Amino acid sequence: MTTAIPKQLKVALNWINSELGNSPDTVTRMFTPSGTDSVSVGVVYIEGLVSMDTVNGRIIHTLMDAPDLGDQKPLNCDGYFRFLKEKVVSVGRIAELSTSEEMLTALLDGYTVLLIDGCTSALAAQTPGGAKRSVEEPSSQTVIRGPKEGFTEDLGTNISLIRRKIKSSKLRFVQFKIGQVTQTDVVVSYIEDIANAKIVDEIQKRLESIDTDSILESGYIEEFIQDRTFTPFPTLLNMERPDSIVGGILEGQIAILVDGTPFVLLAPVTFNRFFQSSEDYYQRFDIASFLRIIRYGSFFVSMLLPSLYIAISTFHQEMLPTTLLISLAAQREGTPFPALVEAFIMELTFEVLREAGVRMPRAIGSAISIVGALVIGQAAVQAGLVSAAMVIVVSFTAISNFVIPSLSMATASRLIRFGMMILGGTFGLFGIMSGLMFLLIHMAGLRSFGIPFLLPISPVSVKNLKDVFIRVPKWAMTTRPRLISDPQSSRRQAPGQKPAPPDADHATGGESE
Amino acid sequence: MRKQGARLLASVMLCMLLTGCWDRTELNELGITAATSVDKIGDNWIVSYQLIIPSAISTLSGGGAGGISPITVHSTKARTIREAVAKSKLESPRQLYFAHNRILVVSERAARYGLSSLIDVYFRLPNSRETVSMLITEGSPVRILRQLMSIQPISGQGVQQIISNESRSYSLLPHVKLYKFAMNIVGDARAGVMPEILVSGSPNVDAVNQMGETNQPSRLKLGRLAVFKSDRFYGWFSQRESFGVSFLTDEVNQASISFNCGGGSDQQGGMNSAVTLTRSQTKVKPHIVDGHLQMEVHVKSAGMLEETVCTDNLQDPKVIKRMEGSIQKEINGIIMAAWEACKRDKVDVLGFAGAVHRKYPKQWKRMKQNWDQEFASADLKLTVDFKLERIGVSNKSFKSLEEPEGE
Amino acid sequence: MNEKITSLQASALIMFAIVPTGILLVPGAVVGVAGQNAWLSVLAGMVISVGLAILVGIVCRQYQDAPFLQWIEQRCGRLVAALLGLYLTRYYMTTAAVTLREFTNFISEEIMPNTPELLLKIIIMLVVVYAVIQGIETIVRVNIVIFFISVVLMFMGLFLIGENIEIRNLLPIWEGTPMSFMHGALLTLAWLSEVSLLLILGPYLRKNSPLIRTGIVGVMMAGSGILITVIVAMATFGNKITQMLTFPSFVIVSLVEIGSFLERLEIVFISLWIMTMYVKLAVFLFGAAHCFISAFKLETERLFILLLGLLILLTSQYSWANTAEFHRFTLMLGTPDLFASNIVLPLVIGVVLVVSSLWSKRVEGSG
C-alpha cells in the first residue's frame with residue numbers, strides 16, 4: 001500500500017502535516033532557492049530528532065546560497081533534483097525517496113526531507129541530532145581498572161564504541177527494524193570468520209520472526225529469542241560495557257544492540273560467562289582466578305546458605321561443632337518461630353528493603369535501606385523475634401548476591417533461594433540435594449542458541465576450561481572457545497609467547513627453567 | 001503437559017508445607033547430652049545423662065551472673081538401655097540428643113555383666129556416634145557426671161579433652177573409642193581395655209557456688225586400666241602396667257620417663273633425671289619354635305633430656321651412651337611389668353593374637369581354641385633401643401655448677 | 001549441533017549405574033560371604049566382569065547406529081523384538097524399583113527416620129522423571145559433573161580416613177574356602193554385570209567410539225570404586241564389624257574427626273551419594289522407557305515415561321512389607337535376574353551371532 005508523493009509541493013506538505021496529526025514539532029518550510037525563480041522547494045523535519053545546526057547550516061543555508069545555474073535554466077524537475085543532490089546538499093548520507101510512506105519513515109528516523117515542487121521523488125538528508133546522553137561511566141557494571149566508558153541510549157554512538165575498538169574489516173553490523181509501531185533499530189554485530197556462521201543465521205532467523213508492536217529495551221528481544229522461557233537462568237548476557245561486549249565478539253559471540261537502551265545483549269552464553277567480569281583480563285591472572293572462585297562460591301552461598309542453615313540446624317545438628325551448637329541453641333532459646341519461618345521473615349524483609357532501596361529517591365535511598373536493615377536487624381534480635389545467627393546468615397547471603405557480576409544471574413539465585421529454603425526446611429539436606437539435582441538436570445538440558453549451557457564443564461571441553469574457574473595467563477589462551485566460535489578459525493594467538501628474561505651470557509640457548 | 005506437571009508439583013509442595021516436617025527438631029527442642037553413663041543394678045539398666053544448658057553456658061562465657069549450673073544430670077531405669085532412654089521423656093522437657101555425646105562412662109558392675117547390648121545400641125542407631133570415648137569407673141558412674149570441672153564448664157567435653165591429650169602426650173592410658181573397643185573384643189584376642197575415671201577427693205563438687213574457690217576439694221582424674229575378656233570386665237592393671245601395654249601395642253606417642261643417670265657422682269640412687277619420649281615404635285614378630293610360641297618385640301624410641309642432676313659432661317658420647325642404657329633398662333622394666341600382668345590374668349590385650357593369626361594362619365586355627373593358655377605360656381624376647389637425640393638448651397646440669405671449681 | 005555421547009561419558013555413566021548402590025551394599029554383603037577374602041573376591045569379580053564388558057562390547061559393535069531392539073527386529077523378526085523389549089523393560093523396571101527401595105531405605109534409616117517413605121519416593125521420582133524427559137544426553141552431562149565432584153571428594157575422603165586405616169587388618173591374605181571366595185566374586189560380578197547397559201547406550205555413542213574400551217573402563221572404574229570401599233572398610237573395622245554394619249562406607253566417614261570442629265562428615269558424602277543415586281535411577285528409568293517405547297514404537301514418550309515412573313514408585317512402595325523381606329528378594333530373585341538379563345542375554349546374542357555368521361559363510365561357500 002504505497003502512495004506516490006504528490007506532485008504539488010503544497011499538497012505533499014499538507015499530507016505530511018495531516019499524517020503526523022499537525023504535531024507542533026513538525027516543521028515544514030517552503031521557499032524558493034536562490035538562482036532559480038520558478039522552482040519552489042520544501043524542507044520538512046521533526047524538531048528534536050534533528051540537529052538544528054546541520055539543518056540550518058548545511059541544507060537551508062546552502063539552498064539559499066545555491067550557485068548560479070548559468071545556462072542550464074530553466075531545468076526540469078529531475079535535473080534540478082540531481083543538481084540539489086550532487087552539488088548543494090552537503091550532508092553525508094542522502095537517500096532518494098519515491099513514496100509518501102518512505103518519507104514518513106525517514107522523517108521519524110531523524111532525516112530532513114527535501115521536496116521539489118513538481119517532482120514525484122523526494123530527497124532525504126541525514127541530519128541526526130536531538131537530545132542524547134553523552135558517553136558516561138556505566139552505572140551498573142563498574143570496574144576499578146579498565147575503560148570507563150559505557151554504552152548510551154543512542155544506537156549510533158554504541159556502534160561507534162564497538163567499531164572504535166575493533167578496527168577490522170570483518171566486523172559486521174546487520175540492521176533490523178523490529179516493532180510495527182516503534183520501528184526500533186536492532187543491530188546484530190559479529191566478526192565474520194570468528195563467529196560461528198550457524199549461530200549468526202539462527203539469531204537472524206529468530207530476530208526476523210519477531211512480530212510485535214514495540215521494542216523498548218533489549219529485555220523485550222531477550223524474551224522473544226531465548227531458547228527456553230521457563231527457567232530461572234538467563235541464556236543471554238546483557239552488558240553495559242563496550243569492552244565486555246567487544247571481548248565477547250572477539251571470542252565468537254554475537255552482540256545484539258537495541259536502539260534506546262545502553263544494555264547490549266550477547267549470545268550464545270554459557271553458565272560460566274555470567275561469572276566473568278571484563279576486569280578479570282585487566283588484572284593479574286592469579287588474583288583474577290581467585291576472584292572468580294570467590295564469585296562461584298558467592299553464587300552458591302547466595303543460593304544455598306539460608307537453606308543449609310535451616311537444614312543443618314533443624315535436621316543435622318551433629319554436623320555442627322559442639323561449641324557452635326551450644327551457642328546457636330542458646331541464641332534460639334526464647335525465639336518463637338521455627339527456623340524456616342524465621343528465615344522466611346528475614347529474607348522477605350530483606351527483599352522488601354532492597355526493592356524499596358531501588359524505588360526510593362537516590363538521595364535518601366541508600367541511607368534508608370542501610371538504616372532499615374540495621375534497625376530492623378538489631379531490633380528484631382533484641383526483641384527476641386529472630387536469632388542473631390539468622391541475621392548474620394541473611395545479611396551474608398544478601399552481600400554474596402552482589403558479588404555476582406551479572407545481575408540477571410544474581411536474580412536467578414534470589415528466586416531459587418526461596419524454593420531451596422522450603423526444601424531444606426521440610427527434607428533437610430536430602431531436600432536440598434534433590435533441589436540441586438533438579439537444577440543441575442535443568443541446567444544440563446538448557447541450551448543457548450544450540451550451545452549447551454554448562455559447556456566447558458559438561459560436556460567437558462578441556463580447552464575451554466582455561467577460562468572458567470581460573471583464568472590462565474593471556475599467553476596460554478591460544479585458542480578461542482570451542483563450539484561457540486567458528487570451528488575453522490580457532491587460533492587466537494601464536495603459542496609459546498611466555499615471556500622470559502633474555503639469556504644474557506649463555507648463547508648456548510638452553511631452555512629457560 | 002507442562003501445566004499439569006507444574007500443578008502436580010505445586011500440590012506436592014503444598015502437602016509438604018501443610019503436613020509439616022517429620023524429622024525437624026529445632027535447636028531449642030534438643031537436650032544436648034555431653035556425657036552418658038551406664039550402670040547395671042540387678043535386672044535394671046540405669047542410664048544417666050549429662051545435659052548441657054545452653055543459656056547457662058552463654059551467660060557464663062559472657063561474664064554474666066553465673067549461679068546456674070551449665071549442666072544438669074538425671075538418670076532413668078529400665079530393663080533395656082533404649083527403654084531407659086525412652087523413659088527420660090517422662091521427666092525431660094527436651095528430646096535427648098546423643099550426637100554430641102563425648103564420653104560414655106560404664107560402671108564396673110555393668111562391665112562385669114557385659115557390654116554387648118550397649119555396643120549394639122551404638123552401632124544400630126545412626127544418631128549416636130561410634131567415636132565416643134569409653135571410660136570405666138568403680139561404683140556409681142553418676143558421681144562422675146555430676147562432678148563439675150573448673151576450667152571447662154561442660155565436664156563431659158573436659159574429660160574427653162583430658163583423655164585425648166593424655167594419650168597423645170603422656171601415653172599412660174590409651175584413648176579408647178567405642179568402635180575400637182568393639183573391634184578389639186571381637187578380634188582374634190577377644191580382649192579389650194578401657195581407662196578408669198574417678199573422682200579423687202571428697203566431697204563431690206556438684207554445685208556452682210563451690211566453683212568460686214581456687215581449689216576444689218575433689219577432681220575428675222584418670223586412674224588405672226580396666227581389662228576386658230570378651231565384653232566382660234576382668235581386672236585392673238596399674239598405671240605402670242598400663243604404660244607397658246601402651247608400649248607393646250605401639251600406642252606410645254610422647255611420654256615422660258624418669259631414670260637414674262648413673263655415674264659416680266650420684267649418691268641418692270633414686271630417680272634423678274627425666275627424658276621425654278618424642279617418638280616410639282614397636283614391632284611385634286611372632287615365631288613358632290618347636291611348637292612353642294615366642295614373641296619377638298622390638299621397641300625403637302628416641303627422646304630428649306629434660307631434667308638431670310648428673311654432673312657428668314653431657315657432651316661426652318660415653319655419658320649419653322650410659323644414660324641411654326639406663327633409660328632402656330627402665331623401659332624394659334615397664335614393659336616386663338605389663339607382660340607379667342598379662343600372663344597373670346591370661347588376657348591378651350596386646351594384640352599378639354592378631355600378629356600370630358597374620359603370620360601363621362594355619363597354626364592359628366589350632367591355637368585359637370585355647371589361645372589364653374597359649375598366650376600365657378609364650379615367651380617374650382624383648383629388645384629396647386633408645387636414642388637420646390637432644391639434651392635441651394643447656395650443656396651442663398645446674399648441679400655441676402654448684403660444685404667447687406678447679407681441680 | 002546434536003552432541004552425542006563420548007566414550008568417557010558413557011564409561012562414567014556405566015560407573016554410576018553400578019557404584020551408588022555398590023559402595024553402599026557390597027562391602028557388607030561380600031565381607032559377609034567371603035570374610036577375610038572379600039577384597040580378593042571383589043578383585044576376581046572385577047576380572048570376570050571385564051570379560052563380560054568385552055562380550056557386551058562385541059555384541060554392541062554389530063549395530064552401531066540402529067537402536068538395539070530395532071536391530072533385533074531386523075535379524076529375528078518383530079515378535080522376538082517385542083518380547084525382548086518387554087522382558088528388558090521389566091528387568092530395568094525391577095532394578096529401578098529395587099534401587100529406589102534401597103535409596104529410601106537408606107535415607108530413612110540413616111537420616112530421616114520419621115519422614116514417610118512414600119513422600120521421599122515421590123520427590124525422588126519427580127526429579128528422575130524430569131531427568132529422563134530431558135533425554136539421555138542431559139543425564140550424561142549431569143553425570144559428568146557429579147563424576148568430577150565425586151572423584152575429588154573420594155580422594156579427600158581417603159585422605160581424611162587414612163588415619164583410621166590399619167592395613168594389617170587385611171592380613172592374612174588367604175583364609176576361608178574357595179567356595180566362599182567364589183561366592184563373593186559372583187556377588188561382585190552380579191553388581192558389575194550392569195555393564196550390559198551398554199547394549200542400550202551403544203547407539204547413542206559417537207560414531208566409531210571404542211565400545212569395548214568404553215565398557216572395560218566403566219567396569220574398571222566401578223570395580224575400583226567398590227574395591228576401594230571394601231578395602232577401606234576392612235582395614236578400618238576388620239572383617240567382623242564390617243559384616244555387622246549394613247552401610248559400612250558411611251560409618252567409616254563418620255569416624256573422621258579433624259580437630260574438634262569438623263566431624264560427622266558423612267552427611268557431606270551422603271549428599272553427594274544422593275546425587276549419584278539420582279543418576280542411577282535416571283539411567284534405569286531411561287532403560288525401561290527406551291525398551292518399552294522402541295519395542296512398541298510409541299510416539300508420545302513423555303506420557304509413558306511418567307507412567308513407568310509411577311509404576312516403579314508403586315512397585316517399590318508396596319511389593320515388600322519390610323526390610324528383611326526386601327533383602328531376601330534381592331538375594332533370591334534379584335541376583336539370578338541380574339545374571340539372566342546381563343550375562344546370559346548378551347551371551348545368547350553373541351552365540352547366535354557367531355552361529356549365524358558361520359551359517360552365512362557356509363551358505364556362501366556352498367553357493
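Glycine is no exception: its Cβ is also placed from the backbone N, Cα and C atoms.
Nonlocal intrachain contacts for the transmembrane segment (C:12-33), taken as residues 6+ away from its ends with a CB within less than 8 angstroms of a stretch CB, comprise 5, 41-42, 99, 102, 106, 139-140, 143-144, 146-147, 180, 183-184, 187-188, 191-192, 194-195, 197-198, 201, 214-215, 218-219, 221-222, 225-226, 229-230, 233-234, 239, 242-243, 245-250, 273, 276-277, 279-280, 283-284. Marked as transmembrane segment by TrEMBL: C:12-33 (among others).
When Cβ-Cβ distances below 8 Å are used as the criterion, the transmembrane segment (C:39-60) is approached by residues 26, 30, 33, 170, 173-174, 181-189, 191-193, 195-196, 198-199, 202, 211-216, 218-220, 223-224, 226-227, 230-231, 234, 342-343, 346-347, 349-350, 353 of the same chain, each at least six residues removed from its ends. Annotation comment: TrEMBL describes C:39-60 (among others) as transmembrane segment.
As annotated by TrEMBL, transmembrane segment applies to C:118-136 (among others).
Only residues 6 or more beyond the boundaries of the transmembrane segment (C:142-161), in the same chain, are considered here, and those with a CB under 8 A from a CB of the stretch are 8-9, 12-13, 15-16, 131, 225, 228, 232, 236, 252-253, 255-256, 258, 265, 268-269, 272, 275-276, 279, 282. The annotation transmembrane segment is assigned in TrEMBL to C:142-161 (among others).
Marked as transmembrane segment by TrEMBL: C:181-205 (among others).
Annotated transmembrane segment per TrEMBL: C:211-237 (among others), in sequence order. If you look at the transmembrane segment (C:211-237), the same-chain residues 6 or more away from its ends with a CB under 8 A from one of its CBs are 7-8, 10-15, 17-19, 22-23, 26-27, 30-31, 36, 38-39, 42-43, 45-46, 49-50, 52-54, 56-58, 60-61, 154, 158, 161, 164-167, 169-170, 188, 191-192, 195, 198, 202, 205, 245, 248-249, 251-252, 255.
Marked as transmembrane segment by TrEMBL: C:268-296 (among others). Sequence-distant neighbours of the transmembrane segment (C:268-296) (same chain, 6+ residues past either end, Cβ-Cβ under 8 Å): 13, 16-17, 19-21, 23-24, 67-70, 81-82, 84-86, 88-89, 92-93, 95-96, 99-100, 103, 107, 110-111, 124, 127-129, 131-132, 136, 139, 142-143, 146, 149-150, 153, 157, 197, 200, 250, 253, 304-305, 308-309, 312.
Outside the transmembrane segment (C:303-320) by six or more residues, the chain places 89, 93-94, 96-98, 100-101, 104, 117-118, 121-122, 125, 128-129, 132-133, 285, 288-289, 292-293, 326, 329 with a CB less than 8 A from a CB of the stretch. Here TrEMBL flags C:303-320 (among others) as transmembrane segment.
Per TrEMBL, the feature transmembrane segment maps to C:340-359 (among others). Sequence-distant contacts of the transmembrane segment (C:340-359) (same chain, six or more residues past either end, CB-CB distance under 8 Å): 52, 55-56, 58-59, 62, 75, 87-88, 91, 189, 193-196, 199.
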For this session: Could you pull out which residues elsewhere in the chain have a CB under 8 Å from any CB of the transmembrane segment (C:118-136), counting only those six or more residues past its ends?
Result: 5, 100, 103-104, 107-108, 112, 142, 201, 204, 278, 281-282, 285-286, 289-290, 301-302, 305-306, 309-310, 312-313, 316-317
